[in-house]
């Protein structure tokens, strides 16, 4: 691999589709700290691409691999710049480099966490890089995981215009997850050991984002209360983190939304009430204990309801995320989820059709069953049959409408809201079918992993 010229003479562009992800900003900051000329964009900019020596496509969804605009941009760069511009893919999609290298005309895939390896790869090293050598695919996995001490991220000038669930940015406080959820990639990508940043480093970063114009900040590492976790929850460190960040940005501009029901208690919820906007987002997923067991959630219906009640008793608002059309979900399981929503009276609800992400158990399950048994490919024959929905789309649509009626503050189901939810279900179905079709193309490869 040819070594690229060094330092400020090297023009690097990082492209993060639609959203400036934290990972893209982080790698941008590390490369800038090393003296490189770095641009971070969230829209395809062919003029900038043609002036770049290195372009990193920081992708966070399997859907990006299929994105026509991304494919065309990569082909355009390779056609015009030949070998003058190196094109890499990075991000959480890097756990399946074989698919990327077969689908996209790129020089390589930066595998896993890229803080240590990305600067080395730009200098010509191959550690942490997957690439094609003739007809063979070579995958060099990183030798070590980075600690989380790093320079400030590269913060875009228009960061205040970005909104991710109401926040301008999600700042990472820790990595890793103790869970075993079958649909989640986090333990595979970041590991099961919790690695946490120093409170002071997080605070300095929040100050930098505030100076750059960010008004609303969320902090997360998958499950907020696992910050500084060793053998048990470190409440003192978690409270210190919330208090100090809140002092900088203000409690009405800080959220720590992502929580597991088995890692909250009254003290943690009181801290969330006192130092943040006062919301938690629980990944509830299903009202069926059988499905929760199939998903390896480590919780059940009763624990979920108890955690919701506890939060409400503490004056904290609760949003719940649900997954429909999990491969083993029956009609009865789905009805139990509807019953759960009635009992829970959540303040907000998010509904997703089960998405197979490569390297997860859910992906293996989807690829191991005939497509015609997948609810994404079965036509709905019930009350919405005139809408031409798959069974998965119908459950998504139905649950969105049902949840709206049973929220703590329900909205009337206007034609506009009806069409909004119908469109949401259709888009999810279309996208996840496209992903599933792609994964079936690599079925044998993925089931071997």
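Quick reminder: no glycine exception, Cβ is built from N, Cα and C everywhere.
Since this is a predicted model, take the numbers as computed values, not measurements.
Swiss-Prot annotations:
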{"type": "BINDING", "residues": "177, 181, 184", "note": "[4Fe-4S] cluster binding site"}
{"type": "DOMAIN", "residues": "163-390", "note": "domain 'Radical SAM core'"}
Report task. Starting from the Cβ centroid of 177, 181, 184, which together make up the recorded [4Fe-4S] cluster site, report each further residue of the same chain whose Cβ lies within 8 Å of that point, ordered by sequence. Result -> 179, 180, 183, 185, 186, 187, 222
Requested in this report: Take the Cβ of residue 177 ([4Fe-4S] cluster binding site) and count every other Cβ within 10 Å, whichever protein chain it belongs to.
Outcome: 23
Query raised in the report: Which ones in the same chain are close to residue 184 ([4Fe-4S] cluster binding site), with CB under 8 Å and 6+ residues apart in sequence?
Result: 177, 357, 360
Query - For residue 181 ([4Fe-4S] cluster binding site), the three-state class that DSSP assigns - result: coil
Report summary line: Same-chain residues at least 6 positions away from residue 181 ([4Fe-4S] cluster binding site) with a Cβ under 8 Å from its Cβ, in sequence order, are 283, 295, 296, 297
Report summary line: Averaged over the domain 'Radical SAM core' (163-390), the pLDDT of the predicted model comes to 95
